[in-house]
Amino acid sequence: MPSRAATSPLNVQMMVVLCIVCLALQAVAANATRSKNNVPRRFPRARYRVGYMFGKRSSSETYSTNLINLLSRQLVSQEELRAILEKQPILLDEVVKILDRNDDGYITVADLL
């Protein structure tokens, strides 16, 4: 049979308060780790160092690279250039953009100089 000192109301109250404090601390600690994981980050992928939006290029790649590849051969005859520009009007647009240096929609003598 337990002694009277072990079951006194003061000891029971202390045990109850101690249990409540332990449970409250455990709940606060669990909530803190859970909220730490749910914090919205400005750069969520920075933790993994994964590139974002730097993948393979699709068909949206500009055709100016094709024009540069064409001109990198350094020597293209007029007939070759005409044939290529007739087949690919997008390249013709790129040539016009290159010639129109001030982007006013007109090719002037100042643009050609």
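Glycine residues also receive a Cβ, built from the backbone N, Cα and C atoms like all the rest.
For 1-32, the entry in Swiss-Prot reads signal peptide, with the evidence type sequence analysis.
As annotated by Swiss-Prot, phenylalanine amide applies to Phe54, with the evidence given as experimental evidence.
Per Swiss-Prot, the feature domain 'EF-hand' maps to 87-113; the stated evidence is sequence analysis. Taken residue by residue, the domain 'EF-hand' (87-113) breaks down under DSSP into 16 helix, 0 strand, 11 coil.
Here Tyr106 (Ca(2+) binding site) comes close to Asp100: these same-chain residues lie at least six apart in sequence, with C-beta atoms under 8 angstroms from its C-beta. Per Swiss-Prot, Ca(2+) binding site is recorded for Asp100, Asn102, Asp104, Tyr106, Asp111, and the stated evidence type is sequence analysis.
Cβ proximity to the Ca(2+) site centre (mean Cβ of Asp100, Asn102, Asp104, Tyr106, Asp111, cutoff 8 Å) flags the following additional same-chain residues: Arg101, Asp103, Gly105, Ile107, Thr108, Ala110. Taking the domain 'EF-hand' (87-113) as a whole, pLDDT averages 84 in the prediction.
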